[in-house]
């Protein structure tokens, strides 16, 4: 196969998995256009967020939390969740975005927008926020820290869940949560620690959200963490379009692929996928509330025209 043919194959969405008997939620995904939710699919077409959600629904993924990473994607997340009953929103400035905004002198303005969005009804989490020492060097860590602490305060003020992005920064993330005070519902998104961090989370009642990485052969640390993580603190996510689970690693990810992760984790834990799915759904609704708790609004009808005034 030529390189170009291989690249084309990698840009195709995988086929739908067998549907789950008991539905689950994807508590962290990115369907906003800015991260490529319209990549090619198997038949060469493209998927918008509604089609993603239709596919997810068909295999037992009943709802998602759509996660913002900057002002633009957070606004999109909040506005789209307001009209889409299968979607709730999380809003934040990503830790790798914070240093750039700080250098431009616009970080405080961006955080003010996030604070305003956090008050909207179908926004149920602040995130993803945290610390990332993999992509950001020491020069940007002060801005990351300031943004992280601001997001923690927002989550507590608005009584929202907190979704944490923690990459190569476990010790400082834990120190910040202890010092500032973690919100009641704190989630380690795309949990990347080991059994020791899982025990720390368990001791504090923090939720651990596992992504497709838990299905990778080289992810023994995640399986070790699963072995000690209490079932009532487990969540699942896709982090789509990234971190596609086996057996489709390397292709674009989507919420409809979450059943692969459900089944792989259930097999590792020696439990029935339906039992795990029921626990995950219960946990997810505890963290974010019910998807039908706040009503959606109808989107404007493109065929509607404003009434004309007399004489027009």
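Cβ from N, Cα, C; glycine included.
According to TrEMBL:
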type    : residues         : note
BINDING : 28, 30, 128, 239 : divalent metal cation 1 binding site
BINDING : 165, 189         : divalent metal cation 2 binding site
REGION  : 290-312          : region 'Disordered'
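The residues near the divalent metal cation 1 site, meaning same-chain residues not in 28, 30, 128, 239 whose C-beta sits within 8 angstroms of the mean position of the site's C-beta atoms, are 29, 67, 69, 127, 163, 189, 190, 237, 238, 240, 242, in sequence order. Summarising the environment of residue 30 (divalent metal cation 1 binding site), the number of other Cβ atoms within 10 Å of its Cβ, over all protein chains shown, is 23. Sequence-distant neighbours of residue 165 (divalent metal cation 2 binding site) (same chain, six or more apart, CB under 8 Å from its CB) are 94, 95, 127, 128, 129, 130, 131, 132, 189, 190, listed in sequence order.
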